[in-house]
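Comments concern the structure below.
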């Protein structure tokens, strides 16, 4: 049964521009000075529980950027599931198709992060793997009316493929993040993806090619385009990303400003803005941009950034042209982040 939001909320009455079909994970996070060796027990200095999962993270970031969003997912009928639904509501995300099940626990991710921002993560997908075609059929009207539909592989590949097929057949732009990657990915994932976004490790798994440089990423992207993808983005961490498309078949390396990593599951916003410039998205249609932002930036767990980023809701400054620089350190939740020059976020509101 779906866990619906408050009936009077405006987002329940309006069409969701961004629909995410994907995972919800409760993050059990331990901060340590270093990562443990095999068989070793070490002391950590901080612990907290957060809301994660690739799908939900992407959905939360889209909502915080101002998009009307809907999350199609499944959690357990347990305390983690109940808390997760409330978190989505607090982020103004429609939970009409956030299902609960007694047959599995809410998905969890056990995460260890060291002082350098490196991490070790073990996920137990739980209820995420029970999201099925019948659930998608109930959400079909919402999916078919969206501007963008995003999905990943933390739910079953069959469910993600069905979601892509449903969106594609209704003319909805599709963004696919093939993570965690599998070598024998169904060929239909490529042809149904308007934007196919993977990191260098996932590109290696999918293509069998070593990806250690932007040039290597360009070769891998070419293979993915030949398989049917319309636009391919291979992210390279500190090296930015490489883009390739059927209409622009020459690989384009988009570098980014070097930053100190706090956690390697996130990307610099400068990468996103550079991608925005390179694919020439019209300013009259922010929805594709929002969705692209969430694919590139949405791996950051949604409760680790406690300050709401709402550039459209709090002032009239144009978030695209804003180039105000804010330096220095500010504590967000239990992690420290250095705020750099940002082209998308209006720092008057941040």
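Using the three backbone atoms N, Cα and C, a Cβ is placed for every residue, glycine included.
Features as listed in TrEMBL:
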BINDING   25, 26, 27, 53, 54, 55, 56, 57, 154  substrate binding site
BINDING   199, 235, 236, 237, 238, 239, 240, 256  ATP binding site
BINDING   263, 265, 310, 313  K(+) binding site
DOMAIN    17-265  domain 'Carbohydrate kinase PfkB'
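When the C-alpha distances from residue 237 (ATP binding site) to the binding-site residues 25, 27, 54, 56 are tabulated, the minimum falls on 54. The shortest Cα-Cα distance between residue 154 (substrate binding site) and any of the binding-site residues 199, 235, 236, 239 is the one to 199.
If you take the C-beta of residue 199 (ATP binding site) and look for same-chain residues 6 or more apart in sequence within under 8 angstroms, you find 179, 234, 235, 236, 237.
A 10 Å cutoff on Cβ-Cβ distances gives residue 27 (substrate binding site) a total of 22 other Cβ atoms nearby, all chains included. Just so you know, the Cβ of residue 240 (ATP binding site) picks up 23 other Cβ atoms within 10 Å once every protein chain is counted.
The average pLDDT computed for the domain 'Carbohydrate kinase PfkB' (17-265) is 92.
For residue 240 (ATP binding site), the nearest neighbour among the binding-site residues 25, 27, 54, 56, judged by Cα separation, is 54. Here the candidates are the binding-site residues 27, 54, 56, and by Cα distance the one nearest residue 256 (ATP binding site) turns out to be 54. Here the Cβ of residue 239 (ATP binding site) has 18 other Cβ atoms within 10 Å, regardless of which shown protein chain they belong to.
Per the record's binding annotation for substrate, residues 25, 26, 27, 53, 54, 55, 56, 57, 154 show a top Cα-Cα distance of 14 Å.
Every protein chain shown contributes to the tally, and the Cβ of residue 54 (substrate binding site) ends up with 29 other Cβ atoms within 10 Å.
There are 30 other Cβ atoms within 10 Å of the Cβ belonging to residue 25 (substrate binding site). Between the listed binding-site residues, namely 235, 256, the fewest other CB atoms within 10 angstroms of a CB are found at 256. In this structure, of the binding-site residues 236, 238, the smallest number of CB atoms within 10 A of the CB marks 238.
When the neighbouring Cβ atoms lying within 10 Å are counted for each of the binding-site residues (56, 237), the highest count belongs to 56.
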